[in-house]
């Protein structure tokens with residue numbers, strides 16, 4: 001049966017439009033599949049395929065067909081690094097990235113990206129492209145065009161993988177109660193967010209920037225990392241994050257907030273397993289290049305360390321405005337560390353453990369806002385995290401508009417057509433950078449608000465479960481009873497402010513850190529009494545705790561949403577100190 005979460009999810013925005021086109025939203029008693037094999041995940045994948053083809057068509061005006069005819073890719077909004085670097089980094093000459101030394105610049109990307117380029121170079125050669133030194137201009141053009149077409153297919157497959165992983169991160173689970181009865185996926189936890197993947201599948205940001213560079217590789221790997229973490233497979237999640245860092249730096253930044261989440265929940269064993277997988281996966285592609293070509297391996301790190309404020313960054317705007325920031329490496333690092341410290345404090349002091357995707361978005365957004373460069377394709381880093389952290393179409397539109405404003409402005413700035421004709425300051429470009437940052441900050445503020453008030457504001461935690469769920473959604477962060485009943489709709493309030501109704505008052509939780517320990521006799525008696533009251537009133541209740549038999553639990557072992565795992569004792573004490581002065585139960 002469709003859950004309340006999934007129903008609300010498919011009845012808003014683009015998903016509502018799609019559902020009307022295929023016969024309207026599912027009814028209350030409809031099954032999980034829609035039209036035979038046309039499940040929500042497959043619809044998202046089909047939509048993503050169409051969107052990717054549209055993006056590829058949008059790049060056609062920039063293809064170079066004949067020598068001497070080079071279209072203005074800035075003005076046509078279809079620039080791509082891919083065909084340029086094929087010739088500019090020696091791939092057209094048959095050279096292997098990092099290992100061959102020719103008269104060309106060393107590839108300035110992490111090693112796994114270089115290995116992807118080498119794979120695509122070999123596929124291009126197998127398809128008949130001329131390869132080797134001494135190519136004439138037309139041969140190089142033909143080879144680079146075929147190389148780009150190979151990339152369209154390979155990067156498209158990675159995009160579909162990212163959409164699939166995003167769709168499968170929050171899905172119903174097959175669960176098993178204390179009595180041993182098993183529920184089907186269609187009637188389990190009710191936390192399906194499959195339709196959220198449509199936000200990624202139809203994103204104009206993907207259509208416009210997915211072909212600029214090879215960022216879709218780390219994006220897909222990171223999406224898989226979140227999916228495996230949600231499925232309580234920390235080792236595989238670590239492998240995906242490690243491979244992601246081997247392709248781009250940003251997945252490394254996710255380890256900090258994840259460490260604090262695991263520390264807060266006392267799940268350091270799972271974090272250790274993740275780190276083992278991460279380390280091995282990062283070393284496997286990097287170690288050969290580190291040994292055989294150490295200088296070329298360092299090219300990525302030195303390139304980014306030596307550059308100044310560059311396109312898209314707030315530091316670049318300040319320099320254009322005549323306010324050059326001295327010691328930029330130090331300043332930008334200090335600002336980033338301060339922001340990360342604030343995020344760390346938020347993770348520890350929040351009333352409930354934040355979701356991994358929420359703090360992941362905050363950290364990556366902080367990195368991109370303070371970074372020395374912001375290439376248009378960097379939006380791909382944030383987009384899946386935004387969808388998992390705040391799956392609401394309003395924020396999707398705000399985020400998308402900010403990125404599209406910047407996308408249009410960067411090409412006009414590079415083409416020197418956006419600024420005044422007399423060559424004066426390009427203030428429209430400055431404004432576009434500020435608008436983009438402002439939209440990213442807006443989404444971050446909404447996420448922080450969700451973290452501070454999860455039960456009322458978090459789109460994933462505030463939704464009341466359907467009556468068929470085996471466990472309520474949004475278990476308390478601190479210690480809780482094993483046999484806790486489902487929260488009932490609000491009724492008339494008693495003098496003490498507690499909700500009362502036909503099922504009686506809610507169990508008193510007590511102050512943070514003082515709730516009954518899981519499995520204690522008073523807690524069990526209290527929960528069983530509330531359950532009997534609910535049964536007498538004819539209301540649905542939850543029988544016993546739920547353990548995951550198959551499928552994912554949102555945000556993995558550090559989340560504890562279905563198991564109700566308590567915080568580590570030191571976290572309870574620290575939070576009590578941080579919130580000193582507060583009175584009464586939370």
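A Cβ is built for glycine as well, from the same backbone N, Cα and C atoms used for every other residue.
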Quick check on the annotations: TrEMBL lists transmembrane segment for one of 197-230, 469-502, 503-536. Which range is it?
197-230
Out of 146-167, 168-189, 300-321, let me know the one TrEMBL marks transmembrane segment.
146-167
With TrEMBL as the source, which of 429-452, 549-572 is set down as transmembrane segment?
429-452
Cβ-Cβ under 8 Å with the transmembrane segment (429-452): same-chain residues at least 6 beyond its ends
312-314, 316-317, 320-321, 346, 350-351, 354, 358-359, 361-362, 365, 368-369, 374, 382, 386, 389-390, 395, 398-399, 401-403, 405-406, 408-410, 412-413, 418-419, 458-459, 461
Can you work out which residues elsewhere in the same chain, 6+ from the ends of the transmembrane segment (274-293), have a Cβ less than 8 Å from its Cβ atoms?
98-99, 110-112, 114-115, 229, 234-243, 245-246, 255, 258
